[in-house]
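Quick notes on the structure that follows.
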């Protein structure tokens, strides 16, 4: 039986992971859970799964959880507090696998800690890899950690790739990687109407159930841009070899086009429990709880090229991965700051790419050869982005 730590257990991916794990109590034991501050949900998860540790970033929330666990007779669960607690539980000796499901840059250090400790890293936090790039991959190679992608697109590519893909996509006969995108809720919205889009409209994804931040990223297609960067790193591919294809039905989750004309596609219902179960069981398979795909109900599949005028964030992501170094970290920090402002109604939806473009022009990228360089670029960009947003409101 394997021990698992779930970073971000109260979020969408964390909840889905626990749903899958509950179906296979003979395969995994939950060693540690973590949350930012959702004490109510974390308490219920602790009561259901009885982890040894529960880590909470906010100290006051940790104190509240500790009191509730004691009152419920669950005082044996050790409650840890602070960002460093996440790194601690991610590298515990009794943990074999780490589900890295914290959204945004906050997940970087604990995910990196899991990689350094040689764990099986089930990577749902794309920002950690986008920010640290080759530095993260070097730690994976050094420690012998196994990196298993959870994003539906990268998990699909992983399933369609030959085992030797780390030698380089071209070296194993891959012509290109085709990442599918739903196009989000505004694929056909008149451009003039995007200026007045509300947070409620932006988070209403047509196919997937996701958190608020990633739903906005899907609406701007920054989510797909981050996935392009992630695909280059995971599969040792060049940016020109990763193509985005708008596929409205979200039935094909991605494809791999080989030099002999073969195209392999991974298909399934849009349910994150499928890639989660694949990574948890790999190299085996087990039941996920998701419905099987009914091809007769699907009936047709449509594909189109993304409109970069409608989705400038996708263009900016390609520019960042082409620039290299800390440019992807700058892109990510600017996007996170802009999305937070949009969700807080302090920035228009169309202001998100403007903030990112401003930051990429103002913050010079450096070599991403140390974690300190990455964190410095992240911090500097957030300041530049926030000032730009504040100036827009004056």
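Glycine too: its Cβ is placed from the backbone N, Cα and C atoms.
DSSP assigns residue 38 (NADPH binding site) to coil in the three-state reduction, placing it in neither a helix nor a strand. Taking Cβ-Cβ distances under 8 Å and a sequence gap of 6 or more within the same chain, the neighbours of residue 38 (NADPH binding site) are 10. Here Swiss-Prot flags 10, 11, 12, 13, 38, 125, 127, 211 as NADPH binding site, drawing on sequence analysis.
Here Swiss-Prot flags 126, 152, 153, 182, 205, 218, 223, 224, 227 as 1-deoxy-D-xylulose 5-phosphate binding site, drawing on sequence analysis. Within the same chain, the residues at least 6 positions away from residue 153 (1-deoxy-D-xylulose 5-phosphate binding site) whose Cβ sits under 8 Å from its Cβ are 179, 180, 227, 231, 253, 254, listed in sequence order.
The feature Mn(2+) binding site is assigned by Swiss-Prot to 151, 153, 227.
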**Q.** 151, 153, 227 excluded, remaining Cβ within 8 Å of their centroid (Mn(2+))
**A.** 126, 149, 152, 154, 155, 157, 179, 223, 224, 226, 230, 231, 254
Q) For the NADPH binding residues given in the record (10, 11, 12, 13, 38, 125, 127, 211), what is the largest pairwise C-alpha separation in angstrom? A) 21
(Q) For the C-alpha pair, I'd like the distance in angstrom between residue 151 (Mn(2+) binding site) and residue 223 (1-deoxy-D-xylulose 5-phosphate binding site), rounded off. (A) 10
Q. Judged by the number of other CB atoms within 10 angstroms, which among 10, 12, 125, 223 is the least packed of the binding-site residues?
A. 12
